[in-house]
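Engineer: This is the structure I have questions about; it appears just below.
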């Protein structure tokens, strides 16, 4: 589902009523400079806007919006979920292991290779997710020689 606005019609099509908490939370995603927000991020933003919403309400609404396919949930190998508007179209993610920054990217050659790997192994590809972990330019620039940017832990 592509979701371009906080129009109540989009919620109705998804089987949800356009309640005040849903509309406010969708507005946070629509207007935020960051595309990937945690429940706590949404809650803090609402507090700065003098909105009266509890953290449990934020969690409940986020889950409803995920179930309605309006938001996407990502856990990126942790129990800390982040959410983004489902704007349709596939993309992959770069995650900074130092600050948690999330960047999106699209690369058709990678997509073609993944489809080929699935076909070579007689798999019918249903979905996939590619997440690259590293250190972003800002964190690398802030690291000193005495304290280099963190490395990913070795996998067993």
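Cβ atoms are placed via backbone N, Cα and C, with glycine included.
Values in this document were obtained by computation on a predicted structure and should not be read as measured data.
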Engineer: In TrEMBL, the residues 90, 92, 128 are said to bind Fe cation. Which of 51, 108, 111 is said to bind at that same site?
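Structural biologist: Only hit among 51, 108, 111 in TrEMBL's Fe cation site, alongside 90, 92, 128: 111.
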Engineer: Please classify the secondary structure at residue 90 (Fe cation binding site) using three-state DSSP.
Structural biologist: coil
Engineer: Here's one to test understanding: among the binding-site residues 99, 136, 139, whose C-alpha is closest in space to the C-alpha of residue 92 (Fe cation binding site)?
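Structural biologist: Closest candidate to residue 92 (Fe cation binding site), judged by Cα separation, is 136.
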Engineer: Can you give me the same-chain residues 6 or more apart in sequence from residue 90 (Fe cation binding site) with a CB-CB distance under 8 Å?
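Structural biologist: Spatial neighbours, sequence-distant, of residue 90 (Fe cation binding site): 106, 111.
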